Amino acid sequence: MQRSPLEKANVFSKLFFSWTRPILKKGFRRRLELSDIYQIPSCNSADHLSEKLEREWDRELASKKKPKLINALRRCFFWRFVFHGIILYLGEVTKAVQPLLLGRIIASYDPDNKAERSIAIYLGIGLCLLFIVRTLLLHPAIFGLHHMGMQMRIALFSLIYKKTLKLSSRVLDKISTGQLISLLSNNLNKFDEGLALAHFVWIAPLQVVLLMGLLWDLLQASAFCGLAFLVVLALFQAWLGQMMMKYRERRAGKINERLVITSEMIDNIQSVKAYCWEEAMETMIENLRQTELKLTRKTAYVRYFNSSAFFFSGFFVVFLAVLPYALIKGIILRKIFTTISFCIVLRMAVTRQFPWAVQTWYDSLGAINKIQDFLQKEEYKTLEYNLTTTDVMMENITAFWDEGFGDLFIKVKQSNSDGKIPNGDHGLFFSNFSLLGTPVLKNISFKIEKGQLLAVAGSTGAGKTSLLMLIMGELEPSEGKIKHSGRISFCSQFSWIMPGTIKENIIFGVSYDEYRYRSVIKACQLEEEISKFAEKDNTILGEGGITLSGGQRARISLARAIYKDADLYLLDSPFGYLDVLTEKEIFESCVCKLMANKTRILITSKMEHLKKADKILILHEGSCYFYGAFSELQSLRPDFSSKLMGFDSFDQFSADRRSSILTETLRRFSIEGDAAVSWNEGKMQSFKQTGDFGERRKNSVLSPLNSNRKFSVVQKGQQQMNGIEENDDEPLERRLSLVPDSEQGEAILPRSNMINTGPTFQGRNRRQSVLNLMTRPSVHQGQGMYRTGNAAVRKMSMVPQSQLSEIDIYSRRLSRDSGMDISDEINEEDLKEWFFDDVENIPAVTTWNTYLRYITVHKSLIFVLIWCLVIFLVEVGASLVGLWVLKETSLKDKANTTNNTYAVIITNTSKYYLFYIYVGVADTFFALGLLRGLPLVHTLISVSKILHHKMLCSVLKAPMSTFSTLKAGGILNRFSKDIAILDDLLPLTIFDFVQLILIVVGALIVVSVLQPYIFLATVPVIIAFIMLRAYFLQTSQQLKQLESEARTPIFTHLVTSLKGLWTLRAFGRQPYFETLFHKALNLHTANWFLYMSTLRWFQMRIEIIFVTFFCIVTFISILTTGDGEGRVGILLTLAMNIMSTLQWAVNSSIDVDSLMRSVSRVFKFIDMPSEEPLPPKPTKSKKNQLSQVLIIENEHVKKENWPSGGQMTVKDLTAKYIDGGNAVLENISFSISSGQRVGLLGRTGSGKSTLLAAFLRLLNTQGDIQIDGVSWDSVPLQQWRKAFGVIPQKVFIFSGTFRKNLDPYGQWSDHELWKVADEVGLKSVIEQFPGKLDFVLVDAGCVLSHGHKQLICLARSVLSKAKILLLDEPSAHLDPITYQIIRRALKNAFADCTVILSEHRIEAMLECQRFLVIEESKVRQYESIQKLVTEKRLYGQAISHSDRMKLFPHRNSSRHKSRAKITALKEETEEEVQETRL
């Protein structure tokens, strides 16, 4: 970054913002880069500001029992705030003085007041000077207040972040990530936007008092008639604001429904295409869109009338103020024009400035109180350690995550005779109820000496991770003692990668030791992976390590923990994402050899690890089930395996037991309004559900940490359009709304871009507390259905290295992986996409082509615009005719002039006043929009409807290769933020711009006709305005975009820190991350400060141009007007009106250009390539001579009920994810017989899922695949995919009923659906729910276990009558019971079908008749598993002893003595950990 010219700027340069000229020139000539941005002044640095506020806050905490954050802010910023307020008031006072001089100038042209004619020129000079003084005072004052608001935001940002790193884990469980983001974005934005408005809470009343005093002098008591009208108008606007809130609340629920479905569709676009559900999803989303648009139009109309009320009030307030006085006493023309000028200022003060100020104070004080409450929450307490201690010891430890019993726990406990609830992920949603009010750890005691390995085992939710948290100090014991040295290293269960290089992630701030570093890399088997990267270990990893596979991330996390030299190493299931072979090698080389002399506590579920441990601790429901050596375990606890596997699943309970659990669980659903649950005498009577299934429940029953708080299946449709707040004490919408959100802020005030302003929605998954964020896997770590090698296509996103900037390393690492609009709760995987926006290939300024294309989307829009222009021409024409009539009348009056010196309202001169009434009435009709505004707003919303439909169709038809280059968040932003702009902001902004620009043009025409000389001044002014706007816009839009990009790292860094908070604390890296956060803040500040400064430069230049114009008009009017106070009055009044209106029009034009960028982005998506059927290959075969007709309607397919057998032939298949990318599979050929069951094997990332995707034509493929002799080139794409049944690894359950999820097209009867549900073992599950098939699933089927979701996918395949079934690792997250159900269903329902099963566990493939092994992009075939195991020893090592005995019975002796069977503990899977407590 360059040094800022501000540092060396003189007073005048600072006053006129001339120091910004270099960046404006640079931005006009070429595209700006981050390196062009100036460094921030030291007074704006986050370090300086945070230290200042933190010192005052600490002082406040120390001195008072009830500390107030506002006191700390007052001590930091009060006097500057007062100083700028006084300057702002002096600038506003000039507005009240201007009408006095205007009145004197008009009076000087009275025929009977020739004495003052000589001083008219001096009065004109005075009037011009007032405008100059106002310009010189207002702009520095407003900029100073914005600058101070920015500094307050920065200081509070830092304070909140530092507090977040100190929060206790208990508090983190009660705060969602969405609330933290809301705290840092919505609430703090109020300082940026509103501080300049805050002073009007006292300036506006003073203005009103001053103006009413001046009006009393003119009109006496009748002046209060105008004020009364304005007060009524303000109340009317407040009422309209409340009405709009109601519409918005209702509409927010509908938007939420649509966006939830859209989000689910985008996230699962592979599944949508695989199931051929494009039309079904389009229909569902469009139906929701229709309902939403009805409310959108109502909201727009209310906002339109609210906006219009300000315009039409001008005429009425003058009319009501003047008419009573004129009827009683008569009135002279001077008083009329003076009153008009006074009322313009009075109207702004009463209807705009004061309501805005009150709203600003209400919102700001509310934000300060929220931040104050947050800053006083309980902090993490560092335990006292003894550095000389070598042992690790616990004595009778008991600990709670959260005290207090919930009603649900009590009732569930009463319904269970032994008071114990099974603890695994084998039921619907009832796991861990027993942990609700009970200790997470009970009476735990153990002792391990230096150098020993303690293996901790237990079922999911037994308290294993809680044990490590206790040792780290994250969980405070309520009883007992802990003893260790305090020198700890920690490896989280779910790998955490910070933005940075591979080396930085491993070293993590510890001093670099080359030998140790190389040893750790080698032990963690990272050498080979690192060597493949072009930059080796200096390769930059995006947030979360998106470019790495799950196994690579796990190994880097493990390497980080081992590299640190510590006394005690806590390893929380570090091998969860490694294949069996890699896990075995790393355990040996790393845990057993490299760390042999260190004390280690390893959480594991593997029998091999237990055998090699010095001590074993097995936990069950928080208690010590066993502690000792492995030799003791076999003799003392022979049943430990079956006990901890948790076979007591939901499906094995009695019907009464299941009904009881389900009843109690559903009873906790907080259903609002008509979505209530009624229960009668313990039996489910009814369960009404509205269509608002998109409204997601707030909390998860599955998380016992959250289970004492209510959640809802269908929330009330309250939504905060501009935020993501959740507060139990107040509704999502603010309680006070004097002005609608779109109306807040004067036109000259910049809008902060710290958060997107589109409507937000509740995302795809259940509410995430911060603790859940830390204790659940990153979404990257799920093995996606379609992935390849190291380039995981996760959410269709990749981060090309070439996109990374060269300036701010940390910021560039953070900013590239983010995006997505979510509402009141934002989920962890959505946060990184929350602030992302796709801006590539979008020009800095909206092109004329975009405007033209937008206008021609809807034919009616062209006619409406022509209609608006016709009405405008009629108005201007009528005004000119009126002027001509008045002029003619005036000439006649001069010839018959009388000695009447008392110009009452019925005099000839009052004809000018009648003309003003005429113009006012015309403007009133214009403002009301009876002929112009409403049709325009209505048509623009229709345009938005069409664009949404076109974009939805385009996205659904786009090939998967397109999605591999787009982010899910970027796509969803088009449907959320950009469509919201098209719905809400753009119609009203275009209306305002059209209205304002026509008012200005009309006024200019009238002024020019009244005084033709003025027209000569008008032309250069208009040219100067157009050139200046074009000059500024080119730079400002680029600065705005750079600011938007710089905003991303702030929030991404917060989420990254939260995800790795336990690791940060264990390594003591909080100061380092605070420094990185300040760096991200400073980067954003540099962009935002420069944008504010250039905007003020532009606003000031615009005002200087029109002050010049007003001076010219004033002097021309004074010098060329003879006897005729009417004409000079009209000229000067209209010129002053132009002054106040034109700047508003200029800002509206900039807003329109900025909002039209959303239209550009939407058009970019509409223009995406379409997924087309592959062209047929030229061949001599008769069946392929139908050319294009063959693709549309294949006769062979139609007549023979294709496919009839399911025989597949693959010839020379090559698959790539993107055009020009590396081939994942190359020249693969094999054949599969009809009805054969084929196993697909390979290590993680070898291409198993890729091959399944290639079968479905989801990738860029070459070669040929035939089904029953029919080539894929000769079959329509949809029909080809319908030949396959699919059970993807990433299960797709969308928000809707069971019926919709099974049969979205509504093709099957209830009898068929129940029959299939029974076949796959779903019937008993569905019957438990009220409404049965019509029960609405929300939040991706959150009330179902992963196994039940897999069964739904299986049922879809059965209903599809497919002859070929593709299964992508179906056993990955299943409990044994559900897996047995799937195996049974496969045998029965798909007995005569071809089954292709992708697995990396050989145990799951014992029943396959044939095997395909993928290695190095090639496929090898094996006819039997015995042959596979014999030839591939690596796979043989992965088979358990019991399975080996089944495969090779001849090798086993019957003379072996039987002994107690010991099997491995059930592996904890990603889904289980998500749905259970620590």
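Placement of Cβ uses the backbone N, Cα and C atoms for every residue, glycine included.
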Remark   = Of Asn386, Asn443, Asn899, the residue that Swiss-Prot annotates as N-linked glycosylation site is Asn899
Key: Per Swiss-Prot record, range annotated transmembrane segment [choices 561-581, 918-938]   = 918-938
Task = Could you check Swiss-Prot and say which of Asn896, Asn1452 is marked as N-linked glycosylation site?
result = Asn896
Request  = Check whether Swiss-Prot assigns Ser222 and Arg1161 to the same side of the membrane.
outcome  = no
Message = If I look at Swiss-Prot, which residue among Asn396, Asn597, Asn908 would I find recorded as N-linked glycosylation site?
response = Asn908
Ask   = What stretch in 78-98, 196-216, 340-358, 1013-1033, 1130-1150 has the biggest tally of Cβ pairs under 8 Å against the transmembrane segment (123-146)?
value = 78-98
Query = Residues sitting near the transmembrane segment (1013-1033): Cβ under 8 Å, six or more positions beyond its termini, same chain?
reply = 24, 28, 845, 1004, 1007, 1094, 1097-1098, 1101-1102, 1105-1106, 1108-1109, 1112-1113, 1116-1117, 1120, 1131, 1142, 1146, 1149-1150, 1153
Tertiary contacts of the transmembrane segment (340-358), as residues 6+ beyond its ends and Cβ separation under 8 Å = 95-96, 98-99, 102-103, 197-201, 203-205, 207-208, 211-212, 214-215, 218, 226-227, 230-231, 233-234, 237-238, 309-310, 313-314, 317-318, 321, 736, 738-739, 744-746, 916, 1133, 1136-1137, 1140
Note = Maximum Cβ pairs under 8 Å to the transmembrane segment (1095-1115) among 78-98, 196-216, 990-1010, 1130-1150 is reached by 1130-1150
Remark   = Across the topological domain 'Extracellular' (1116-1129), the model's average pLDDT, rounded to a whole number, is 72
Same-chain residues near the transmembrane segment (78-98), Cβ under 8 Å, at least 6 residues beyond its ends = 127, 130-131, 133-134, 137-138, 140-142, 144-145, 148, 195-196, 199, 203, 206-207, 210-211, 214, 341-342, 345, 1136
Message = Cβ under 8 Å, sequence separation of at least 6 from the ends of the transmembrane segment (1130-1150): give me the contacting residues as numbers and ranges.
response = 98, 102, 105-106, 127, 131, 337, 340-341, 344, 747-748, 912, 915-916, 989, 992-993, 996-997, 999-1000, 1003-1004, 1006-1007, 1010-1011, 1014, 1025, 1029, 1033, 1036, 1099, 1102-1103, 1106-1107, 1109-1110, 1113-1114, 1117, 1121
Task = Could you break down the residues of the topological domain 'Extracellular' (320-339) into DSSP helix, strand and coil, giving a count for each?
result = 17 helix, 0 strand, 3 coil
Request  = Could you tell me what the rest of the chain brings near the topological domain 'Extracellular' (217-222), counting residues at least six beyond its ends with Cβ under 8 Å?
outcome  = 103, 321-325, 328, 335, 338-339, 342
Query = Of the residues in the topological domain 'Extracellular' (217-222), how many are helix, strand and coil by DSSP?
reply = 6 helix, 0 strand, 0 coil
